[in-house]
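Asker: From TrEMBL, here are the annotated features:
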| type | residues | note |
| --- | --- | --- |
| DOMAIN | 2-115 | domain 'PLAT' |
| BINDING | GLY17, ASP74, ALA75 | Ca(2+) binding site |
| SITE | TRP114 | site 'Essential for stabilizing binding to COTL1' |
| DOMAIN | 129-677 | domain 'Lipoxygenase' |
| BINDING | HIS375, HIS380, HIS555, ILE677 | Fe cation binding site |
Amino acid sequence: MGVYRIRESTGSSLFAGSSNQVQLWLVGQHGEAELGKRLRPARGKEMEFQADVKEYLGPLLFVKMRKRHFLQDDAWFCNWISVQGPGAGGDEYRFLCYPWVEYNGEYRFPCYRWVEGNGVLSLPEGTGRTLVEDPQGLFKKHREEELEERRKLYRWGSWKDGLILNVAAANLDDLPPDERFLEDKRIDFTTSQAMGVAKLAIKDFLNVFVPWNDLDDFNRVFWWDHSKLAEKVRDSWKEDAFFGYQFLNGANPMLLRRSSRLPARLVFPSGMEEVQAQLEQELQRGTLFEADFSLLDGIKANVILCSQQYLAAPLVMLKLQPDGKLLPMVIQLQLPRTGSPPPPLFLPTDPPMAWLLAKCWVRSSDFQLHELVSHLLRGHLMAEVIAMATMRCLPSIHPIFKLIIPHLRYTMEINVRARNGLVSDMGVFDQVVSTGGGGHVELLKRARASLTYRSFCPPNDLIDRGLLGVKSSYYAQDALRLWEIIYRYVEGIVSLHCKTDKAVKEDLELQTWCREITEIGLLGAQDQGFPMSLESRDQLCHFVTMCIFTCTGQHSSVHLGQLDWYAWVPNEPCTMRLPPPTTKDVTLEMVMATLPNFHQASLQMSITWELGRPQSVRVALGQHEEEYFSGPEPKAVLKKFREELAALDKKIEVRNAKLDMPYEYLRPSRVENSVAI
């Protein structure tokens, strides 16, 4: 009983407001009241009114809303509803049972979604509650109905048989409205696509009748759309130390590992005994590293405009020097074949063009594994599995939903766009990449076996790959520190809601969510170490940290470097037009005939710019405006998280000031809060 003060916040995107009227009800533990005021939500505005409620409602549980329309359904993006209670009549009971409510009697009901149609939508009060925290079952029916509705909207699909699952959406219109880009993001994305097409057309026009026979000719497509580091790449790409550095801190730092033995595929032809002895010596010192591209062996190469393209499956052996430089020692471009002579081993002492072409083959192979495995599969598609399971299994009132939902924003739309434009039939990969034309799908299928749980968790992955303690691996240092900060953030939220291991084990929603990721989305990845259930608070924190890190830091570490390392095309060629060399009799003409032609180079540059450019519409890690939690405790946890991110950002800035090539890809101010590009 008494006067309630109600505030409503509408999103600021272009069409967030609505001309339709919105009707509200307050639902408390002891009653329900319809509010007489009808709202017409205005874009980017907060509306406020008061309502005199005659009924005794008790502690508020829900706000219900219905958007009524007559001629046209005008969707409304609602941020939140806030209700300030009358300050008497049940307050003592409310504060005893609901300590999260501020002493001014204000309740917050987060929404952050589109309201469409004229059905009734219920928003629970913003305090996260597990099933265990709702012993009276006040929210039980709401949880069940919400998940039932979500499972109708979010249905699992399979883009290609044998790949991990995705949202069942053949095109953007099939996506649930809340997964679509808001207008500012959509305009920015569409504009960048148009600019990319225009640049491609101009570069093609300027180069179509000009000879393309020297490495310097790649400068003719190297303009408008490159970074400062890309210029360093252009000037230094032939250097061995620069080649090795990229395995540590380049666009794809996920392949390098310390050698525990000489690889079985490394067969030494006669006369290579000294090279073998050098490798053995580095192995004994613990300074021998390798990058093995065997996953590409046997993948069918693309045919572009009736011209056969080619693939290799290189192995690179490298040594770590005391000064931190990683230098290549041996390159083998193909695996040995029974009954055939061993493939040649290329060495730094070989003729310069032979050694350079061998390194180009490695970098082109790295392009394939980076874009398809490290970036698409382990970043985008893995994040989509997490997003789908979250929407299907965790109700909006669950604290883990509230914790993880900001890190899932826009992932489904960007992935549908990728499946319809980049890796689709006649998409970019088919047009210009040597694994296109079906090889990319086969590679993704093969790579599914490499999706181990440990490999998604830097503390485990860096140990397994022997990168801990490598002072020149800035990726390893920053990934570990960022993981630890995210873990403390997750632990802070979990500690507010799960006081014991038993509370985790008895949370059926959490258990279903975990099983949905492992058994359904990842097609039974329990054999790859993914859990089927969560048995303790520590295990829950580790699993949730893996999810958030995958959607933020891990994706950024393999996304942000594209513009830097791919813009100078010879450093990371998207395709190769001649087979790998079988002798060391290599000329400049052979190198140019192998590397992409001017159109392929122009297209690589355009796509690199479109995907890798700094985003004008972006949210940095932890800086989301949405407030899914109410109450001071989770806000304090988020505040500490942001402070730790800012401190790490400053440490990286200070370190980078001393480096010739700053490593920025895991700097929190540059890490995006979700897989949104």
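Backbone N, Cα and C atoms are what each Cβ position is placed from, and that goes for glycine too.
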Asker: For each of GLY17, ASP74, ALA75, TRP114, HIS555, count the other CB atoms within 10 A of its CB; which of these recorded positions has the top count?
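Answerer: The most densely surrounded of these recorded positions is HIS555.
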Asker: When a 10 Å sphere is centred on the Cβ of HIS380 (Fe cation binding site), how many other Cβ atoms does it contain?
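Answerer: So the number of other Cβ atoms within 10 Å of HIS380 (Fe cation binding site) is 22.
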Asker: Including all protein chains displayed, how many Cβ atoms other than that of ILE677 (Fe cation binding site) lie within 10 Å of its Cβ?
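Answerer: The answer is 23.
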Asker: Check the Cα distances from ALA75 (Ca(2+) binding site) to each of the recorded positions TRP114, HIS380, ILE677 and keep only the ones within 10 Å.
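Answerer: Checking each Cα against ALA75 (Ca(2+) binding site), the hits are TRP114.
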Asker: Per DSSP, what is the helix/strand/coil residue tally across the domain 'PLAT' (2-115)?
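Answerer: Going through the domain 'PLAT' (2-115) residue by residue, I get 7 helix, 61 strand, 46 coil.
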Asker: Taking the Cβ of HIS375 (Fe cation binding site) as the centre, count every other Cβ atom within 10 Å, in any protein chain shown.
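Answerer: The answer is 25.
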Asker: Rank aside, I only need the closest one: which of the recorded positions GLY17, ASP74, TRP114 has its C-alpha nearest to that of ILE677 (Fe cation binding site)?
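Answerer: So, spelling it out, the nearest of the recorded positions is TRP114.
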Asker: Calculate the distance in Å between the alpha carbons (Cα) of TRP114 (site 'Essential for stabilizing binding to COTL1') and HIS555 (Fe cation binding site), and round it to a whole number.
Answerer: 27
Asker: List, in sequence order, the residues of the same chain other than HIS375, HIS380, HIS555, ILE677 whose Cβ lies within 8 Å of the centroid of the Cβ atoms of the recorded Fe cation site.
Answerer: LEU376, GLY379, ALA383, ILE414, VAL558, HIS559, VAL675
Asker: Could you tell me the mean pLDDT the prediction assigns to the domain 'Lipoxygenase' (129-677)?
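Answerer: Within the domain 'Lipoxygenase' (129-677), the model's average pLDDT equals 96.
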Asker: Taking 8 Å from the centroid of the Cβ atoms of GLY17, ASP74, ALA75 as the cut-off, which other residues in that chain fall inside it around the Ca(2+) site?
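Answerer: Counting only non-site residues, the set is PHE15, ALA16, SER18, SER19, ASN20, PRO41, TRP76, PHE77.
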Asker: For the C-alpha pair, I'd like the distance in angstrom between HIS380 (Fe cation binding site) and GLY17 (Ca(2+) binding site), rounded off.
Answerer: 31
Asker: About how far apart, in whole Å, are the alpha carbons (Cα) of ASP74 (Ca(2+) binding site) and HIS555 (Fe cation binding site)?
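Answerer: The separation of the Cα atoms works out to 36 Å.
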Asker: Would you mind reading off the Cα separation of HIS375 (Fe cation binding site) from GLY17 (Ca(2+) binding site), to the nearest angstrom?
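Answerer: A Cα-Cα distance of 36 Å.
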Asker: Fill in the CA-CA distance, GLY17 (Ca(2+) binding site) to HIS555 (Fe cation binding site), as an integer in Å.
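Answerer: GLY17 (Ca(2+) binding site) and HIS555 (Fe cation binding site) have their Cα atoms 33 Å apart.
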